[in-house]
Every structure is written in C-alpha cells, then in structure tokens.
Amino acid sequence: MSSAMWIAVIICALGTLLMRVVPFLWMQRRLGSAAGMNAMPQWLVILGPMMIAAVLGVSIVPVNPSPVSWLATAIGLSVTLLVWRRLRSLGWPVAAGVGVFGAVEVVAALI
Amino acid sequence: MSQPADHTVHANHSPLRSALQGVREAIPLLGGYIPVALSFGLVATQAGFTTWEAAAISALIYAGASQFLFVGMIAAGAPLWLVVAMTLLINVRHVVYGPNLAALLPRSRHWPWLMHGLTDQVFALALTRLPQLPEVKRFSWFVGASLLAWGVWIIGTAVGATGGEAVTARWPLLGEIMPFALPALFLTMVAPRFTDKRWAAAMLCTILAALGLNLAGWSNVAIPLAAACGALCFYTVTFQPRRSRP
C-alpha cells in the first residue's frame, strides 16, 4: 500500500472516530450543565431505537436470498420471538432462533 | 428482573466481572461479525491488499460497509479523495449514536479512544442493556463488549485474508447460518417497544423501509433513511384513545 493510501486510511479512521466521539462528549457536557436531562432533544431519543429497528430491517435479508432462506428467516424470527416472550432475555432467544434457522437450512440442503 | 440496591452493588463491584459480563452479552454479535470479517479479508486480498494491510484497515476504520466500499473503490481505480469522501459519508450515521449513550455512561478520560468501538451493533446492544445495569458496572461492561467485537473483527479479517476461501469451501453453510444471529438479536431488542401502538407503528415502518431499501440495492443509506422514515411516522401518526361506551 502506497503512503498516499495509508494517509487515506488514516483520514477515514480519524474522521469516523471523530463522528463517534465528538457528539458523545458534546452531549455528556450538555447533560452535565444546568439544563440537565432536558438538554437531550426529543428527536434524538426517538432516533436511537429507530436506528436499532433499521439495523434489524437491513440484517433480515438472508446472505443468499432464496425461497428456502426466506422461509428459514421467517421461522427463525418467529421462534426467536416466542422464546423471547417466554424468557424476556437476549441470549436464549437468539440461540433458539439461530438453531431453528440453521436446522431449516440444513434440512432443505439435504432434501 | 430486580436490581440489587446501589450501595450493595458499589461494595461488591468488580470491574473485571462487569467487563466479562459485557463480553458474554456481546457473543451473539459475533454470529454476524465473523462471516462478514472473513468476507472482508477475502475481498481485500482479492483487491490486492496484503493480510497485514486488510487487518490494519479493519483495526483503524472499523466500520463494515465503509470498509467494503473503501477497498472496492480502490480496486476500481477511483481517486483517493473520492474514496475518503464516500467512506466518511457512509459513516455519518454514527453521529447520532454517541448522544444517545451519553446519559447512560459515566464521564471518563478514556472515551476518546473507547468510542472507536461504537459500531451499529455495539450501539444497539449498549442502548438496550445499559439502562438495565447498575451505573457502576456500565463503563467496564462497555469496555468488555466493545473490545470483544473489535478484536474478533480484526482476527476475522486476518483469517479471511489468509484462508477465507478454504474456510468457506469447507463449511459452505457457515456463512449463511451464523449471520442470522444479528436479526434474531435485534428482534429481541425492538420487541419490548411493541407494547405501545405509536412505537410499534413507527418501528414497523422503519423495519420495512430498511428491508425495502436494502433489497433495492440501497444498503449503504438504508439505516439512516429508514430511521428517519420511522421518526417521521412517530411524529405524524397518532392513535386516539379508545372511547368507553356510555
């Protein structure tokens, strides 16, 4: 890699780090001021959970989209939701969902 | 789940134990990280980068979609200024993550380098888990969760760059099954919001918009655009409380 390319990597890395750290420190300073918790704009409180929902929407698409992988996704997500409703935790619902998704994919590959 | 009283937590607090809890709770993220890191290592070497260079890009930039764009544009011979501009543009979404976590994390002089670990997935996990943890545990928990994700991302890239083709040839289904851990994990994170009609409508709108944009080939802008659609839906759609019959 040429030195120009290394400089490009470092600019991208520094720029991305600044985008992560500066708004965080700015908000911490704002929250520590006299305005306190009211300093957090409401749109930002709404946008946080929406970002998680958007990451979910993006990650739903299977690696190799096909009728089988979409079916496995639907069954896997349903199982995840059912186990979550019962246990209200993060670990087991994910394990159950991945297990069932994998089982559907493997069975379909064997048929 | 009930939390112990704060003074009891302070007395029994072990930073190492909290960090290990963060490590344990970040394990489901790895289902998505490992296959993508392997793919990135493979794509980077195919684009002419060495293993060490691919691992350095993963360590320094540490943002999946923009890394693929970076090596892809370099391989296509795009001018460096455009590569840098596009990489930074894709990562702009990160600016809303930090402020959302600011109230949940204590002040520390280590944040300028620790925030390097704030990816989409670490943000989602932290925003869900931090409010449930006692304040004293949150810093160590974040360190544990984010360092695990970062370390695995770098190692996965190096493995993908050295033997990615062999790994995917030997376990062809691995790359298809493991990534399902991500939607499963995010589903358990958004599910608690579905008890409220207004939140449910906005979240459903966001999920469908992100899914549609991704299927349409707009994956690079799907997250911020879909989140903006959801927020718009939240502000415009209101539900009337059900009137009781006389």
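Quick reminder: no glycine exception, Cβ is built from N, Cα and C everywhere.
Where the annotation comes from TrEMBL, it is an automatic prediction and has not been curated.
Keep in mind that this is a model prediction, so the values were computed, not measured.
Taken from TrEMBL, the feature transmembrane segment applies to B:33-61, B:68-90, B:139-161, B:173-192, B:199-216, B:222-239.
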Which bits of the chain, at least 6 residues beyond where the transmembrane segment (B:222-239) starts or stops, bring a Cβ under 8 A of a Cβ in it?
92-93, 120, 197-199, 201-203, 205-207, 209-210, 213-214
Which sequence positions outside the transmembrane segment (B:139-161), separated from its termini by at least 6 residues, show Cβ-Cβ distances below 8 Å to it?
15-23, 25-27, 29-30, 33-34, 36-42, 44-45, 49-51, 54-55, 57-59, 62, 105-106, 108, 114, 116-119, 121-122, 125-126, 129-130, 133, 167
Where else in the chain does the transmembrane segment (B:68-90) make close Cβ contacts, counting only residues six or more beyond its ends and a cut-off under 8 Å?
40, 43-44, 46-49, 54, 57, 61, 220-221
